[in-house]
């Protein structure tokens, strides 16, 4: 479903700040795969996400989604295939617009937009049905401005908006990192449920190792722009946070600095 | 005075179209578009030259609207594809349009007084309905008799129709996407919207309205002048801000109505200000700038004061509740 072939990306090329953000990155996700990505700051996780979403274009290599080469396809066109949830709960929704208007925008992700009414009666019923899934009571507040919602509610809405049109790929970029623990747990549970319901091919970046172990069927670890460790479904089941840290030390010959990654 | 107020409302209704255009760029797209100063004159120039050349005034006005749309699209292109800062793209377009407008008119002023215009046609149409007599009779007590009510009423209806069309447009799929572009660009791009195209389109529509207003103002005043657009963006902003402050902006339906109200109110304020002995017509721009400054600053000061009072009340209330608890503990022991 998602394939990355020999991706290279360099920042600030030819300056003293030159940085190899991604080096020979290879990735292959089968339909329904849910892969978690861990790694310290600067490991290239965000660059990886940006290359898949089309926000950045690789210097070398190919991005293939659903059998199509989308390496040079523009971000907004590629978005038809990709659902995204950002780290910042404010980033995934339009605060000055109502809940139903936001949902209508998300609903049109896979279609071309015309002069038809955005929020119709049928769509509204559909939105209500989907909102009930979140158990936050948002289905009764369709007319409320999204800016009035709490961070957790906004992130839950973002998650719903990114997924209810069943994208080919779901990209989650540390989408629980900016929330308090209780809210983060709620969003994690919702993520699990939604990905399972729609059988979404998912790539989730996280700082939280425990979360990376709890969610998904595959796991990769990145460091300094390279993929350094992979675990498949069986291997992942026997992994613990301690084992992951040991693995990192064995491969890199140095301890993963604890301030760079949340261990629990 | 009644004549002056009557005139202000008439002009205000025509300028309301320009204000609605500014509302689209400034509030919906969050793009302070200075093209307005130029595209307003473009509308006036195109319609005036065509009317003098013998084109039907309605067709001439329509072509003026299209010219305004094109001007807005170019500003949008400069910003999105040329990656030029919003303010600078607008300024560049405004300056470029000054020369273009001069070229269109061939001279700095084109008089329309002897021509058949949209205004004369509408007046004739209105008078054929014979409604003026009835209205005159109704208001004869005040001793105020305007030439015709036609322009006032028809222009108000026109502004209202445009407002309703904008309201409806902004609830369509494209309209929602345009609003989201001005509200959260990252978000709307992740939902497969081409923000560049939406911005270009939004600025085109905005300037189409501005040019529409310019074309009608030229026909209303009886001339098109290359300098008639100077400070137009500030007048537009003043109308939007005054309108929103007085009539509210909770929903779009309300905000667009407020903008029309603001445009009319602005004209009334200016007329009233000019009646002050020591003010001259040339002071109008200064007055406008001051109105915008006050309209921007005063709500913030008021909000701060209200916030402070709210906090004070909360502290007092907490202290009071705390005191009660203390008292309760005392009686317990």
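Glycine residues also receive a Cβ, built from the backbone N, Cα and C atoms like all the rest.
Bear in mind that TrEMBL entries carry predicted annotations, made automatically and left uncurated.
Matching B:127-148, B:149-170, B:171-192 against TrEMBL, the residues noted as transmembrane segment span B:149-170. Within the same chain, the transmembrane segment (B:6-26) packs against the transmembrane segment (B:197-220): three or more Cβ pairs sit under 8 Å, each pair at least 6 residues apart. The transmembrane segment (B:149-170) is not in contact with the transmembrane segment (B:226-248), judged by fewer than 3 CB-CB distances under 8 Å for residue pairs 6 or more apart in sequence. Long-range Cβ contacts of the transmembrane segment (B:286-302) within its own chain (Cβ-Cβ under 8 Å, at least 6 residues beyond either end) map to 231, 234-235, 237-238, 241-242, 245, 266, 269-270, 273, 279.
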